[in-house]
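Marked as domain 'Phorbol-ester/DAG-type' by TrEMBL: 117-168, 172-219, 228-273, 365-415. As annotated by TrEMBL, domain 'Zinc finger PHD-type' applies to 241-300, 544-607.
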Amino acid sequence: MEILKKIYSLYSTRGHKCDGCNLGEDCYSDGYRCIRSGLFFHKECATSNQDVCNAYHPQHMLKIKVVSNFEDVHGECKICRGNLPKMYYYCSICDFAIDLICARKEVVKNIDVPNTHKHRLSLVPKMIMFSCHICQLVDDRFPYACDICGFNFHKDCAESTPELSYSCHPKHHLKRLTRVPSYTNGKCCLCKSKLHILFYHCSICNFSVDVECAKNPPPLTLDHPKAHEHQLTLLPQRIFVCNACGMDDDPNPYICLQCNFMVHRNCIDIPHIIKISRHVHRISYNDCLEAGDWKCEVCLKEINWTCGAYSCSKCPDFAIHVRCATRFGIWDGIELESILEDTTNSKAYEVIEEGVIKHFIHKNHTLKLKEGSDANGKSRRCTACTYPIFSTLFYDCTVCDYFIIHQKCADLPKKKIDSFYKMSMTLVSNSNELNLCDACQNYFEGFMYISDNGIINLDVRCGSISEPFVHEGHPHHSLYINYSKKDKLCNACGDKACMVFSCEECDFVLDVKCSILPKMVKHKNDKDHFLTLCYGEKTREQYWCEVCEEDLNPEKWFYSCDHCGVTLHIKCTFGDFIWINPGGEAESIYMVIPNNYTSRPVCNGCDSRCQYPFILKYKKYILCSLPCFKSVVGR
């Protein structure tokens, strides 16, 4: 599916379910991850055929459908009865839909099962009621029928045997059952899938396997030098702690008898060297850590130092659980064991002498370090982030008035892996063009990080964010980027967003646009003092905004003056065009201007009077907000 390849980036992960087939949570898998919504599809699912012909519905072609992240999927697969995932095949004429797994399976139209029935059985490709001759259960779809006797069968029932000698449970024979005993958990002991109409069971050991595992048992022995130097043997139904990951959640280990080594099937192929978003260096897998009290830097829970974990050779106190390190959104999916580490200098400037540098974007002139007071009271803005120079240190060009940059903006690296999309990014100049940041969804000028494949743009504020993210609005706990398939409410503004910062120790949520709000601003309503960002407060007092003269919810974030008591809504402080330089050339197609007209102009996007402090003139339009601008650009 070429459309997926254009908006999805190649990705590999463990612990993340494919939205196309609902599989993959317990294994490493390559695929495509949507750079905007976070939807993940296996390679095989992402490249599925647009149209298929299926023997269960031969009268019409089935078309593929991909449901957006913002829509719910309703309905079931007509073959396996499972809930339909985000990608499935459907008939545009009939009420018929199947998931990708069922669409890929070979359909056997005729079966010969002499142990069950003496005549050939043929598939009836219809949704019809029938009673299975073996299990006696009534069903409503796709029987295998005998044209001579008139008997109907489930396919699994027809191909089954009353007893099974099973390699993974050699002690006792397994008996065919069609009803789940009340003393079991109702799941296959090997794959953990829910048991359906027919399965095999040992009542002595309480051991159950579904039909799929009965037909395709896991190998009894494995040779995998990366996991262990000796041959490993499967030992089902044994409670154990995995030596590779330290977890005890799957009672089917592979073991090495001579070493007393036990490992999950899914931990056989653990990557040995990886790069994660929560740490600046590469981390390596170790069979065990040094004796001591270790805490995982992701989940903050204890690490069993006698089992495998990831650690950093440059940071002796840093360690992470195997499953925490390789989960979706933390690992970039690339095994680095055979890839040399890039040691290229990513510093954006060259030091000429103390306090004097030459920046690669303004390489013809030198820049001199100055105090914020040296701006001579002028309203000068940083060339990189477009925010005014106040009391912070900055570099000023010794030759021209064009280039001025905050010290922290000058320190931004030329190349980096961003925290949001885990992609390689390059710092570029973008002083006089509007771009949309793919993290905070604000339009901006100034420097930007652009991905190597040209798909993702980040402004320097979002591009400089790293995890764990520490914010003054939630000082006691670190925040981490969270890709949610359902909108979450931001504690700062109350808006909904899918990509947010969340706290793993409480329910605090912060959307990206609020995470980069300036801590200190100047505003015309209080020319003598700075306004500071207030992170909400519990009070019974009634607050009101000095700009719009409407009520202000003090539990949400707002700007206030500690001297005068002035309070302003965040949007009334800046409007929606905070990261675009006010003013501009008369011939420019866009210009941000103060909304200081005697009579407020009417917005061409929403047909209302512009109430925010800055408005955007774009071509022939006057626009008051970001939604209005997007609606006009989309025309």
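Placed from the backbone N, Cα and C atoms, the Cβ positions cover glycine too.
Just so you know, TrEMBL annotations never went through curation; they're auto-generated.
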Open item on the list: Looking at the domain 'Phorbol-ester/DAG-type' (365-415) alone, can you tell me the average pLDDT?
Closed with: 85
- [ ] Tell me the residue counts in helix, strand and coil for the domain 'Phorbol-ester/DAG-type' (228-273), as DSSP assigns them.
- [x] 3 helix, 10 strand, 33 coil
- [ ] Just give the helix, strand and coil counts over the domain 'Zinc finger PHD-type' (544-607), going by DSSP.
- [x] 5 helix, 16 strand, 43 coil
